[in-house]
Structure formats: structure tokens, C-alpha cells
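Single-structure report; data block below.
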Amino acid sequence: MECCRRATPGTPLLFLAFLLLSSRTARSEEDRDGLWDAWGPWSECSRTCGGGASYSLRRCLSNKSCEGRNIRYRTCSNVDCPPEAGDFRAQQCSAHNDVKHHGQFYEWLPVSNDPDNPCSLKCQAKGTTLVVELAPKVLDGTRCYTESLDMCISGLCQIVGCDHQLGSTMKEDNCGVCNGDGSTCRLVRGQYKSQLSATKLDDTVVAIPYGSRHIRLVLKGPDHLYLETKTLQGAKGESSLSSTGTFLVDNSSVDFQKFPDKEILRMTGPLTADFIVKIHNSGPADSTVQFIFYQPIIHRWRETDFFPCSATCGGGYQLTSAECYDLRSNRVVADQYCHYYPENIKPKPLQECNLDPCPARWEATPWTACSSSCGGGIQSRAVSCVEEDIQGHVTSVEEWKCMYTPKMPIVQPCNIFDCPKWLAQEWSPVTVPSFFVR
């Protein structure tokens with residue numbers, strides 16, 4: 001084996017010790033895993049919706065105990081339950097309604113968010129202060145807390161991220177986006193003071209649009225809150241909120257608490273309709289309402305036409321146009337809807353583009369005059385490697401930066417045509433002057 005070779009001269013003993021230890025560790029892990037049979041198939045999910053748990057088992061093949069666990073879990077059925085399905089913990093409590101407790105039947109309601117033991121089934125008898133632990137463990141897949149994805153598995157609260165993975169630490173942002181940065185919604189907070197009179201008994205406190213989350217309103221005073229709703233299909237509704245309880249209003253869960261001097265309204269969301277919170281005059285004194293919620297940004301600018309950039313590199317300019325887009329209806333709307341959100345900044349019509357610096361290139365000076373006017377000469381030029389920054393400044397750089405493009409020649413022949421020369425023709429015939437002729 002590699003770990004048992006004789007050390008050659010100069011081989012560090014520390015390195016050999018590391019090899020030996022690594023080999024032993026690898027063998028021990030193989031031996032440990034070899035004591036287990038293969039993992040079995042996954043069980044059916046503990047729930048059909050709302051997030052449940054499934055498990056897989058393996059068998060120890062050794063006569064002695066095996067190291068590690070013989071069961072593993074994963075999440076399953078990570079789809080929302082229909083609103084009429086009700087709360088999973090409440091279903092488990094109501095399953096005991098037909099079982100006598102100390103000789104008497106009770107209608108059991110869930111006790112949630114127990115800080116000491118969130119995975120026990122504690123229920124309260126309706127109309128009484130009687131709280132009883134009806135089971136030491138809730139069913140696998142029951143939420144540990146109402147405002148968390150963490151789930152109870154085998155009686156223990158297990159961390160579940162917004163990616164629905166066990167042990168994941170991913171969280172939803174306030175907009176409901178898993179591992180998001182909060183940029184798809186905006187925080188809305190404010191205060192309303194009633195100015196009702198005998199002739200004006202009702203007034204609008206605030207309109208909370210479809211998709212809003214983490215809504216909380218607190219009314220202080222003698223007046224009374226009620227809700228009006230309008231779905232995306234145009235159906236309208238009204239809820240009077242006459243007593244304390246949790247209600248389903250247009251498929252949105254509404255938690256309402258009524259006290260002698262105040263009212264508290266909570267909705268986790270996302271809302272499935274547009275909600276208009278109204279106030280009804282019920283006494284001579286004025287009331288105040290404080291509200292806070294996260295409103296989705298449903299109108300965004302969408303860039304449409306992109307004209308070609310004026311430069312391929314080194315920085316250029318590009319003309320664009322933008323239109324306001326409704327994310328709910330998937331259609332273009334008037335610009336005023338996008339201007340409603342301060343976070344929505346309309347893209348500039350002239351934008352910079354191709355800002356990456358241009359790659360290095362060869363640049364040459366003009367050729368010098370030819371060394372000869374004819375008969376063949378040479379001319380030369382200087383060639384250097386240059387770079388251009390985004391401001392258009394050109395500077396010389398090392399030649400290796402231009403190694404991927406061939407360097408231009410620095411000399412070349414010129415005026416290679418023959419030079420002109422004198423050419424003598426044949427002599428003409430001899431002529432005799434006329435005065436020699438008799």
C-alpha cells in the first residue's frame with residue numbers, strides 16, 4: 001500500500017504520517033458504512049399538502065451496534081393547502097372531540113406557539129380555561145410555530161428554510177421572496193384619526209392592495225373596524241368583524257381581537273383581494289388607527305426598445321424607451337401607476353453601454369517616405385501595442401498584451417517600378433548638302 005512504502009531519502013516524515021492517518025481514516029469510514037444495509041425507500045408523506053415529512057430506514061448488519069442513525073427525513077407535499085382544509089394542529093385537537101376527558105366531552109381548540117414544548121399536542125376546551133396535553137407528540141409535519149416553516153418530526157422541532165429543505169437557514173424577506181432582498185415590496189405605515197359626525201358615520205382608514213403581507217392595525221377608541229373587499233374578478237364583499245376570532249375573508253385569514261377600548265386586526269397575507277379597512281362611528285369620542293403593512297410593487301418600468309450601442313467597447317451610448325407594466329394583469333398601463341412608487345425610477349432614455357475597456361491592439365504611425373523614387377526602396381513606420389480606456393484615452397502598453405493578434409509589419413518595399421532612362425535610337429541615313437551636287 002501507498003502508506004507502507006519505505007521512505008526515500010529526503011521524504012518528510014510528517015508527510016508519511018499524514019498519509020498513514022488519512023488511510024486509516026478512510027478505512028474506518030468504509031468499515032463504518034459497510035456495517036449498514038442500503039437505505040430503504042421513502043415512506044408516504046405525512047401530509048398531502050402544507051408541508052409534511054417522509055422518512056427512510058436502513059438496517060444494521062453487524063452483531064454489534066452501528067455508528068450513525070438508522071432513519072433519515074425529508075420534507076414533502078410542499079404545496080399550499082386549500083383554505084377550507086383548516087389548520088393541521090386544529091384537526092388533531094378536534095379528533096379528540098368524541099373522546100371523553102374525565103367523563104366529559106369537550107370541543108378542543110389548538111394551543112399554538114408553546115415556547116417550552118412546541119411539538120406536544122396541547123388543546124384548550126372551548127369556552128373554558130382548561131388546557132390539556134392530549135398527546136406527547138403532534139403528527140410529523142405540524143408547524144412548530146404559526147409564523148414559521150419549522151416543523152415537528154418525531155416530537156422534535158426541526159429547522160426548515162423557505163426552500164423547504166430540512167436544516168436550511170434560508171428565510172423569506174418581508175415581500176415573501178425566498179432569500180430575497182426586500183426590493184419587490186415597500187413598507188407602508190401611517191395613522192388615521194377619525195373625524196366622524198352624525199351625518200358621516202363611516203370613513204375609509206386605508207386601502208390595502210392584493211398581495212400585501214404582514215398587515216397590522218390597532219384602533220384605540222370607541223369606534224369599530226370593518227372590512228370591504230374586491231377580488232381581481234370584481235366580486236365585492238363585506239365583513240363586520242363583530243367578535244374576537246380568526247376568520248376567512250375572501251380566502252385570506254384575518255385574526256381579529258376586540259377589547260373594550262381597542263381593536264387589533266392582523267393578516268399575515270398575502271392578501272387574495274384588495275381590502276379596504278373602514279371605521280364606523282360608535283361613540284362621541286374620536287378614535288385613532290395605526291397601521292403597518294408591506295405592499296407589493298405591482299407596477300414596474302419595463303425597458304422595451306434598445307437601439308445599438310454607439311461603440312462596441314470602451315464605453316458608448318444607447319437610446320432606450322420604457323413603459324409601465326402591471327405585474328398582476330400582465331399588461332401595459334399608464335405611466336402614473338409606476339410614478340406612485342418612489343422606489344420606481346424610470347430608466348433614463350440615454351444610457352451608457354459596452355463599458356468594458358477595449359482589448360489591446362496594435363497601432364502604427366504613418367509610413368515614412370520611400371527611400372528611393374524608383375527602382376525599389378523601403379519605407380518604415382513605428383508599431384506599438386496600445387489600450388484605450390472608457391474615456392477614450394490611448395496609452396502604450398507592453399507588447400505581450402497584443403500577443404493574440406499579429407503585429408503589423410514595420411518595413412515594406414516601395415516604388416519597385418523601374419527608373420526611367422535615356423534610350424538611343426538608330427542613326428538616320430546620311431544626307432548630302434545640295435551645294436555639293438553639280
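Heads up, the Cβ atoms here are built off N, Cα and C, so glycines get one too.
As given in TrEMBL:
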- 1-28: signal peptide (SIGNAL)
- C45-C76: disulfide bond (DISULFID)
- C49-C81: disulfide bond (DISULFID)
- C60-C66: disulfide bond (DISULFID)
- 103-185: domain 'ADAMTS/ADAMTS-like cysteine-rich' (DOMAIN)
- 189-296: domain 'ADAMTS/ADAMTS-like Spacer 1' (DOMAIN)
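The Cβ of C45 (disulfide bond) has 19 neighbouring Cβ atoms from other residues within 10 Å, across all protein chains displayed. Sorting each residue of the domain 'ADAMTS/ADAMTS-like cysteine-rich' (103-185) by its DSSP state yields 0 helix, 26 strand, 57 coil. Each residue contributes its Cα atom, and for C60 (disulfide bond) and C81 (disulfide bond) these two points are 38 Å apart. For C66 (disulfide bond), other Cβ atoms within 10 Å of its Cβ number 17. It is 35 Å from the Cα atom of C66 (disulfide bond) to that of C49 (disulfide bond). Across the domain 'ADAMTS/ADAMTS-like Spacer 1' (189-296), DSSP assigns 0 helix, 67 strand, 41 coil.
Between the C-alpha atoms of C76 (disulfide bond) and C49 (disulfide bond), the distance comes to 8 Å.
Taking only the Cα positions, the spacing between C81 (disulfide bond) and C45 (disulfide bond) is 14 angstrom. Comparing local CB density within 10 A for the disulfide-bonded residues C49, C60, C76, the maximum falls on C76.
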